[in-house]
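Q: Below are the structure tokens for one structure; questions will follow.
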Amino acid sequence: MDTRNQPVQRSISCDVESGASTRKLIHRSPTKSPRRSLSVIDENSKRNPTAVRVVDGSEGLNSSRTLGGLLSSWGSLVWRKTSGGSGGLALYEDEPSASLVASYFRGFTLPGPVEVEQSNTTTGKANLGVVLGVYLPTIQHIFGVIMFLRFFWIVGIMGVPQSFAMVLLCCLCTFLTCISMSAIATNGVVESGGSYFMISRNLGPEFGTAVGVLFYLANAVSVAMYLVGSVEVILLYIFPSITIGGPEVLQDTGLVGMMTNNIRIYASALLLIVFIIVAMGIRFVQLFAPVSLFCVIVSVLSIYAGGIQKAIDPTAGKSVCMLNDHLLRMDAYVPVGVDTSDVCAYCRHSSPQLIASFCPNDTCDAEFQSGDLRCVSAFPGFLSEAITSNMASSYMEQDEANPGVPATKSREVYQDLTTSFFILLAINFPAVTGIMTGSNMSGDLKDPQKSIPVGTIGAQLTTSFVYLSLVIVLGSSITGPVLRDKYGQSLGGGMVVAELAWPSPWILLIGSFMSSFGAALQCLCSAPRLLQSIAKDNVIPALQPFSAVTSRNEPIRGLLVTVLIVECAILIGGIDHIAPIVDLLFLMCYAFVNLICALHSLLGAPNWRPRFRFYHWFFSLIGAFICFFIMFSTHWDFATLSLCLCLTIYKYVEWKGAKKEWGDGIRGLALTTAQYSLMKIEDKDPHPKNWRPQLLLLTKPNDADDVDEQYNMNMFHLASQLKAGKGLAVAVSFLEGDAMCASDQQRAEEVKQRMKNDMTEADLRGFAVTMVYNESQLAGSLSTLIQSVGIGGLRPNTIMVGWPYWQKHDGNEPEYWSFLDRIHRGAAMNMCLIVPKGLIDFPLPHHQLSGFIDVWWILLDGGLLLLLSFLLKQHKVWRGCQLRLFAVAQEWDNSIKMKEDLQKFVYQLRIDASVMVVELTGSEVSAYAYQRTLQMEERSKYISELHLSPKETQALPQLLLEKHRKSKQDLTKSPSSELSPLSAPRRIAEGKRSLLNQDDQRIANNRTTTPKIHLTVENHDVKGDSDTETLRGFDFGNSDVSGDETAKTSETLFTPAQGKKTKAERMKRLDREKAKKMHTAVRLNQKVLEYSKDSQLVVLNLPRPPRTRVGLQNYMEYLETLTEKLPRVLLVRGTGKEVITMYS
């Protein structure tokens, strides 16, 4: 009865059909699951009635307890169990610490701050773009009080050339800082805290907290500067009548002057108003922002419009009165309460007001009597010679009317401050700050990694153009003496730049006040939140109380302490005294931002992968140098105090603060220093940001032949190409001998020196080690080496073992047992493994490849495959190759969703790679896989039944290695191999590369020719044991064993019916789990060949080696099947710990 088509549930059967007879070989108990079958028929079944039909009714391979589904929260990875088996990936189901990539992306969620996720689900994310999210807010912050109240005065004092150079220096500083900040901001996700988070996570808790505190103080002191500017606009230009002491005290701006006291009083009152608005909530602050921004933009445009209007009609502007080169105050020659539209009518020697000013006791000043008294236009326009007269600088001491000429304060315009290039530089620099506004708004941006660089650099270039062009506009439109009139006394107390504006000076007056007041609101709103972020990190225990927020998420405690700091800054006095303090605090932050970028670029940390590419460490160093230059050239005493404050906070955090590991650049730098670094690094796993492959290279004995030498050199070249991460490299060579023997010591030293020379030639910086061992020490030497190599945190974490370069092994070749023993011990000791196959064909340093590097990501091993591929692409050899990432999906996976999530994941990792998802269907074990498994089983059985005692059988790999320690030259010369109780048959060939794989050849022949089963029966006298049959047709092929007295070999030709019977018996004994793993290797190899046959390199997960040595030979069969016909393969196995991260 033919049972081929009967539905047998949960069964696997192998039917050998011969005529009408059918025999079921394997049957398992039925279950309720439906049966799925796959029929495999020999292509030659038409010519040969003997055919093999394999029916697999299982739903998949063993149900695996794999962990999948990544749930992210605050950057931590939380795993959840998923149901279902591993299907067609049984080869990888033994991983205890890693799940399949397919399982990972079933539950993939982009990590981010909890606040952002809650905002997305409740109130909705703002999703601002480049213009509204970064560009316009940054412009609003940069255009502030200094531009309206001091910039024209600075141009008049310094002259056009020097003021242009000074503004260019400031803009260059902020431009280079913008580039560095853009690189840092795009190197991962920026969480809450904005600029502080970015600085602290890259500088470390000590320096990061110190700079963060300085950045907080800079924002707090800026509030005071903006409030003082607002009060100055009100008292000087809008409501001068409310000044305590009258308008005559407006220039009494000394430390205890009456005007200074007015500023302190009114600024404190304005601070109270600002505090109430901010305490009401950020919503009220945001309502004021659009109004302030509109006023700022209109005010800037009115200045350009006024310059054009004055060029068209030079008489449209006001006039001033000058005596020789002295600019007179308007109240010195114009009576109070008269119309000031025609001041020239009063600028005469006969003017009663002038006579009263210059002739108080009927004795007139000689200069007044003989001097040139004239009325000149204050705003002659572009077409005049004003720019020529404004080329020279006019630095003056306090109370001087002209350089070196003391002023008569009652009638002449004078300077209330001693001026110099660097003093004016310190006053002007706050006008270009505010470039970090975009990074502070990262939580409200739709795409921060795109918006922050484009918006910030765009805003900086726009404001730089405005400032540089304003130097030309002001210098060519306004006469020099009027430009140097800081408080507009020659114009009757009007703001000089406001009088230039068109159509009305009130546009600029209102715009300057709104700009200053709005900036004060923004800074007082952001400073407490910055303090709350610092306190929330719990680095400084004393700041812990300020981490609390109200029910409306308002940091009220931080707001109170910030108001107290602002009040202390207000008590300093005017803008000219507060601005240098703001300079130093911001410059300190900008300097460290540039140092961060330079540090990461020079160290070349693997985690340094910013999406913004237009940066260079040299420009970052220039930016840091400019920052420190401005600090020490303007106020070296304040700069020293700021550095001491930063160092004090650093030492306090180091001594008292909580220990934090943020994967920062300082820790990366510590890995490259000497004893100090070793003392700083703890002996534990590094943060994923600082993880890099620290290589332990297990080389061939370097005193062998030319093939070994080329093999080692290619391994060094590959290691050098991987060293873009600049990690540790230790090359080890094992030499058999006596460590106590002088000659062996000398030989070991020669080999070590030769290895050093080879490493130098390969541009591989590291250490060379030779291990001398005797016959019984090799296994112990390798284990001891792995455990003891390195010191502290500077120890290898990755073992590189080259694939044996003979074409195929016999099952007993010592080179193969050495290879298997190394990867087995490396995996057992929790080391990452890199196994390059085809090392002889790997590229040399002068090669430049183009094509593809294909990464087949099957196991979630912590991202080691992606990291190594990224590091390879940094080298010039592989730089021309494109990276392709293949993820293996199973039947029940959503391939489209997996690809979409994988693309998002790779984008967040800042790795440029194309993503493909390959579906691995057909979990039924094929006949070809059964056939390969059968060959593997027969070979293992042959090895296990050698003349060995149980103890020797258990230590078989090492015994074979020690007993067959003949050079390969001897093997190729020997005509035959002898069998002994501790040896196994060995192939004989004309050279190392002439060992042929007869098994693969016979398998190929079986597909195209009529199967004939040849069996070789070898009779061994093993103490009464039955004879052992070795199946040539499915194992070794043509055996090289001949002429042995203890092994008599004869060949018998069987008929197909007899062959089918023998094969059926072996099928019945076949381990089904091994067949599944072989099927996985076959199917994956087919897929890899289909997509990556012509790729320059295939990077593939290395399956877990067996926990015991019993299955090592089978494991080698899986690897050979998996990598069959692939010229260059990099098999990689991680430990399951994360080595790559999407965070900055």
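Glycine residues also receive a Cβ, built from the backbone N, Cα and C atoms like all the rest.
Annotations in TrEMBL come from automatic prediction, not curation.
The shown structure was predicted, so the numbers you read here are calculated from the model rather than taken from an experiment.
What TrEMBL shows for this protein is this:
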- 1-44: region 'Disordered' (REGION)
- 1-12: compositional bias 'Polar residues' (COMPBIAS)
- 24-35: compositional bias 'Basic residues' (COMPBIAS)
- 128-152: transmembrane segment (TRANSMEM)
- 134-307: domain 'Amino acid permease/ SLC12A' (DOMAIN)
- 164-186: transmembrane segment (TRANSMEM)
- 207-228: transmembrane segment (TRANSMEM)
- 234-251: transmembrane segment (TRANSMEM)
- 263-282: transmembrane segment (TRANSMEM)
- 288-308: transmembrane segment (TRANSMEM)
- 416-696: domain 'Amino acid permease/ SLC12A' (DOMAIN)
- 465-483: transmembrane segment (TRANSMEM)
- 556-575: transmembrane segment (TRANSMEM)
- 581-602: transmembrane segment (TRANSMEM)
- 614-636: transmembrane segment (TRANSMEM)
- 717-835: domain 'SLC12A transporter C-terminal' (DOMAIN)
- 847-918: domain 'SLC12A transporter C-terminal' (DOMAIN)
- 965-986: region 'Disordered' (REGION)
- 974-983: compositional bias 'Low complexity' (COMPBIAS)
- 992-1011: region 'Disordered' (REGION)
- 995-1011: compositional bias 'Polar residues' (COMPBIAS)
- 1021-1032: compositional bias 'Basic and acidic residues' (COMPBIAS)
- 1021-1048: region 'Disordered' (REGION)
- 1072-1144: domain 'SLC12A transporter C-terminal' (DOMAIN)
Q: When DSSP states are grouped into helix, strand and coil, how many residues of the domain 'SLC12A transporter C-terminal' (1072-1144) land in each?
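A: Computed counts for the domain 'SLC12A transporter C-terminal' (1072-1144) are 35 helix, 11 strand, 27 coil.
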Q: Under a criterion of three or more Cβ pairs within a distance under 8 Å and sequence separation of at least 6, are the domain 'Amino acid permease/ SLC12A' (134-307) and the domain 'SLC12A transporter C-terminal' (1072-1144) in contact?
A: yes
Q: Could you tell me what the rest of the chain brings near the transmembrane segment (556-575), counting residues at least six beyond its ends with Cβ under 8 Å?
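A: Same-chain contacts beyond the flanks: 145-146, 149-150, 217, 220-221, 223-225, 227-229, 232, 253, 255, 259-260, 263-264, 267-268, 271, 275, 278-279, 427, 524, 527-529, 531-532, 535, 545-546, 548-550, 581.
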Q: Residue list, the transmembrane segment (581-602) vs rest of chain: Cβ under 8 Å, 6 or more residues beyond ends.
A: 173-174, 176-177, 179-181, 183-184, 187, 195, 198-199, 202-203, 207, 211, 214-215, 217-218, 221-222, 225, 426, 429-430, 433, 436, 569, 572, 608, 615-617, 620-621, 623-624, 627-628, 630-631, 634-635, 638-639, 642-643, 646, 665-666, 668-669
Q: State the residues, same chain only, that lie 6 or more residues beyond the ends of the transmembrane segment (465-483) and have a CB under 8 A from a CB inside it; answer 'none' if no residue qualifies.
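A: Residues 143, 147, 151-153, 155-157, 159-160, 163-164, 167-168, 170-171, 300, 303-304, 306-307, 310-311, 320, 322, 325, 327, 376-382, 384, 386-387, 389-390, 394, 413, 431-432, 490-491, 496-497, 500.
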Q: Restricting to the domain 'SLC12A transporter C-terminal' (847-918), report the mean pLDDT as a whole number.
A: 88
